[in-house]
Amino acid sequence: MMLNSSTEDGIKRIQDDCPKAGRHNYIFVMIPTLYSIIFVVGIFGNSLAVIVIYFYMKLKTVASVFLLNLALADLCFLLTLPLWAVYTAMEYRWPFGNYLCKIASASVSFNLYASVFLLTCLSIDRYLAIVHPMKSRLRRTMLVAKVTCIIIWLLAGLASLPAIIHRNVFFIENTNITVCAFHYESQNSTLPIGLGLTKNILGFLFPFLIILTSYTLIWKALKKAYEIQKNKPRNDDIFKIIMAIVLFFFFSWVPHQIFTFLDVLIQLGVIHDCRIADIVDTAMPITICIAYFNNCLNPLFYGFLGKKFKKYFLQLLKYIPPKAKSHSNLSTKMSTLSYRPSDNVSSSSKKPVPCFEVE
């Protein structure tokens, strides 16, 4: 917990009540290494995903629009990751100035909200495409998808404003280091608890409930369709993938959200124990690695479930250029979930079973 002291040379000077919290040699080695791995893998994977979706698949479906925007949001975040790697390797000494402190912090916040919102919209799109394919046709258009993505980027930018406003460079007098951190003028301020709860609720809880509901309804619809056509072999991979998508999202973000909430309690002075502060400050960068590494893999995780994406991705790796004219159908970001024309899965046993193509 930090307490305000004075201002000198434009940089606020503060005291740290728990100066040793989170400051361990293994953190200063492990975290920059993990950040570097995330940067290389993320830049490579997301850049290829953008090329495949835009140049090979020609951006023809709603799902491809969401997937492309997810990859672009990840790339925006990844470009700032070397700054955080250097910051941690220098034992939390920020050498890049106040401007980059704000931009890099806003990028982290922006990626969180943009990615989560895009995944939520994708789950709704998959629900409409599978459970209500005919009724949702007029709503599931490229124009609607693009407008939705613009709104998501605006909302994510709005949610990132607190990082630009309140994240600054501070000089900690009792440790003699300059840090890039959040600092609130009053311990009684409602601002930190408000920002923390916004991140917990808007950045995780509500999106998770929507994603869980969407895929649960998809699960039930597919299960019902299999029961109608009992003579058809059941593809259990479909249900495993639905379960994997939900669990992948949940376990990627839960640790980070929990420690974010604990960090808010420390900032407010509710938690005074430096031992707990040490646990939180030590665990926080690890949870960030888990959340954002999984986040940066999302375009590949979802894309590789589709035959078209996988095919063109491998072509790109072999330096095979895209054809001048493409008739490909990117079927999802979660990928090729297709539903054969019927909005009523139980209406007729003669109708084809809905299929979740996993290639």
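Residue 1 is the first one shown; counting continues down the chain.
Note that Cβ sites are derived from N, Cα and C of the backbone, with glycine treated the same way.
Listed features, source Swiss-Prot:
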BINDING   GLN15, ASP17, ARG167, PHE182, HIS183, TYR184, LYS199  angiotensin II binding site
COMPBIAS  335-350  compositional bias 'Polar residues'
DISULFID  CYS18-CYS274  disulfide bond
DISULFID  CYS101-CYS180  disulfide bond
CARBOHYD  ASN4  N-linked glycosylation site
CARBOHYD  ASN176  N-linked glycosylation site
CARBOHYD  ASN188  N-linked glycosylation site
LIPID     CYS355  S-palmitoyl cysteine
REGION    335-359  region 'Disordered'
TOPO_DOM  1-25  topological domain 'Extracellular'
TOPO_DOM  56-61  topological domain 'Cytoplasmic'
TOPO_DOM  90-98  topological domain 'Extracellular'
TOPO_DOM  126-141  topological domain 'Cytoplasmic'
TOPO_DOM  166-190  topological domain 'Extracellular'
TOPO_DOM  217-239  topological domain 'Cytoplasmic'
TOPO_DOM  269-278  topological domain 'Extracellular'
TOPO_DOM  305-359  topological domain 'Cytoplasmic'
TRANSMEM  26-55  transmembrane segment
TRANSMEM  62-89  transmembrane segment
TRANSMEM  99-125  transmembrane segment
TRANSMEM  142-165  transmembrane segment
TRANSMEM  191-216  transmembrane segment
TRANSMEM  240-268  transmembrane segment
TRANSMEM  279-304  transmembrane segment
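Structural mapping of features recorded in Swiss-Prot.
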{"residue": "ASP17", "record": "angiotensin II binding site", "DSSP (3 states)": "coil"}
{"residue": "CYS101", "record": "disulfide bond", "DSSP (3 states)": "helix"}
{"residue": "ARG167", "record": "angiotensin II binding site", "DSSP (3 states)": "strand"}
{"residue": "ASN176", "record": "N-linked glycosylation site", "DSSP (3 states)": "coil"}
{"residue": "PHE182", "record": "angiotensin II binding site", "DSSP (3 states)": "strand"}
{"residue": "LYS199", "record": "angiotensin II binding site", "DSSP (3 states)": "helix"}
{"residue": "CYS274", "record": "disulfide bond", "DSSP (3 states)": "helix"}
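Among the listed stretches 62-89, 142-165, 240-268, the one sharing the most Cβ pairs under 8 Å with the transmembrane segment (191-216) is 240-268. Here the transmembrane segment (62-89) sits apart from the transmembrane segment (240-268); fewer than 3 CB pairs are under 8 Å, leaving out pairs fewer than 6 apart in sequence. Taken through DSSP, the topological domain 'Cytoplasmic' (126-141) splits into 6 helix, 0 strand, 10 coil.
Broken down by DSSP into helix, strand and coil, the topological domain 'Cytoplasmic' (56-61) contains 1 helix, 0 strand, 5 coil.
ARG167 (angiotensin II binding site) and CYS180 (disulfide bond) are 7 Å apart (CA-CA, integer value). Its Cβ taken as reference, ASP17 (angiotensin II binding site) is surrounded by 14 other Cβ atoms within 10 Å in the chains shown. When each of 99-125, 142-165, 240-268 is checked for Cβ pairs under 8 Å to the transmembrane segment (279-304), 240-268 comes out on top. Ranking the recorded positions CYS18, CYS101, ASN176, CYS274 by Cα distance from PHE182 (angiotensin II binding site) puts CYS101 first. Its Cβ placed at the centre, CYS274 (disulfide bond) has 16 other Cβ atoms within 10 Å. Checked against CYS274 (disulfide bond) by C-alpha proximity, the recorded positions CYS101, ARG167, ASN176, LYS199 yield ASN176 as the nearest. Within the same chain, the residues at least 6 positions away from CYS101 (disulfide bond) whose Cβ sits under 8 Å from its Cβ are TRP94, ARG167, ASN168, VAL169, CYS180, listed in sequence order. Between ASP17 (angiotensin II binding site) and ASN176 (N-linked glycosylation site), the C-alpha separation comes to 14 Å.
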